[in-house]
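A.B. asks: Sharing the features that Swiss-Prot gives for it:
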{"type": "BINDING", "residues": "Tyr42, Tyr179, Gln183", "note": "L-tyrosine binding site"}
{"type": "MOTIF", "residues": "47-56", "note": "motif ''HIGH' region'"}
{"type": "MOTIF", "residues": "239-243", "note": "motif ''KMSKS' region'"}
{"type": "BINDING", "residues": "Lys242", "note": "ATP binding site"}
{"type": "DOMAIN", "residues": "353-418", "note": "domain 'S4 RNA-binding'"}
Amino acid sequence: MSAASSFKSEFLRTLEARGYIHQITHADELDTAAQGGPIVAYIGFDATAPSLHVGSLIQIMLLRRLQQAGHKPIVLMGGGTTKVGDPTGKDESRKLLSDADIQANIAGIKTVFSKFLTFGDGPTDAIMVDNDVWLSKFGYVQFLREYGVHFTVNRMLAFDSVKLRLEREQPMTFLEFNYMLMQAVDFLELNRAHGCVLQMGGSDQWGNILNGVELTRRVDQKSAFGLTTPLLATASGAKMGKTAAGAVWLNAEQLSPYDYWQFWRNTEDADVGRFLKLFTDLPLDRIAELEALEGAQINEAKKVLADEATRMAHGEEEARKARDAAEKAFEQGALSADLPTYEIAAADLDAGVVLAALFADAGLAGSRGEARRLAQGGGLKVNDKAEADANRLITAADLVEGVVKLAAGKKKIVLVKPV
């Protein structure tokens, strides 16, 4: 840990040393509480998709650090708030999902957390709670009388999630306007039912978190704290968790462990040390050694990052297979059964498929236009040979050992397999 840390609790000292802290309410009071017995803290996740992607990983790791420091994490699933939709950072209303879709998404998301947290009934075991349990029980008039009285419209209009939409003259529904009240009530309910004293989240959630802290302190006169992490972007300014080919999902059903490994292997040089601190359990002295690597040696640090991140999300065996497949593909030029595959109807391949379309469909390019630009830059390969014509037809004649090997640049590979 950093000797200059202003914190005394293991939890906050760890967060500070690894770069998780952006803002904290009542910092000294929280630090004192974290030095005592286990504290209970939560982060909320709305169920807008059947999995979570890397953009949510810093929050998942925050819960992991909490548990590692001897405290109790609550994963709050937004079965109720997802019905409304968080307007934070959005230029338009989210699509409203059916109850069945929300529950299906929650089921998919649950599998992600079991890889990072230990669940159970013990004092520091994680639990998962759905806010639909209490939000769905409120009558409209009851909700307004109990909680609406504690919020002024003047203040609600001042929050960025509202103010920015209005300044851009983009509509915000009354449904969305209520989201911040619902999130504040979540904290109060968790405090009452589970003794939860801390809500954590990204810095874009600061206003919503403050509402919950203040509501809990005002209504029940109980201790309540908030903590946010920095919004994460790569050194080049790209949004964390997205690539040209789409979201970097945390479950194997939507993104293969191989592609997940490759995502971390492709980390920009300037981000390696920061990501090792945030997304792995490696000790800080080992991370310092890896950060000190220069030139081509930095690639070894990237492989360690990829190994550690993939091991955490997919297990030891899948991480090993992903690295072995990468080494075979890039260092030995061989085919590997562990490389991602894209299945295509044999009849379609017999008739011929436009290469640019195949690249887009296989997830190697975000669009046909991007595939054409790759070809023009020499970054599009078919069976290890550069292909300048992205409009040429790929047919059964291109099969080698039963597959067509497509590559975008040096690191993204898919085997096209007829079925």
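Keep in mind that glycine also has a Cβ here, set from the backbone N, Cα and C atoms.
Walk me through the surroundings of each of these features.
C.D. replies: Residues 77-79, 82, 85, 94, 97, 102-106, 108-109, 112, 232, 239-242, 247-251, 253-254, 263 of the same chain lie 6 or more positions beyond the ends of the motif ''HIGH' region' (47-56) yet place their CB under 8 Å from a CB of it.
Across the residues of the domain 'S4 RNA-binding' (353-418), the predicted structure has a mean pLDDT of 84.
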A.B. asks: Let me check the 10 A CB neighbour count of Tyr179 (L-tyrosine binding site). How many other CB atoms are there?
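C.D. replies: Total other Cβ atoms inside 10 Å, all chains included: 21.
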A.B. asks: Within 10 angstroms of the C-beta of Tyr42 (L-tyrosine binding site), what count of other C-beta atoms is obtained when all protein chains are considered?
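C.D. replies: Looking across every protein chain shown, the total is 27.
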A.B. asks: How many neighbouring Cβ atoms, not counting its own, are there within 10 Å of the Cβ of Gln183 (L-tyrosine binding site)?
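C.D. replies: Gln183 (L-tyrosine binding site) is surrounded by 28 other Cβ atoms within 10 Å.
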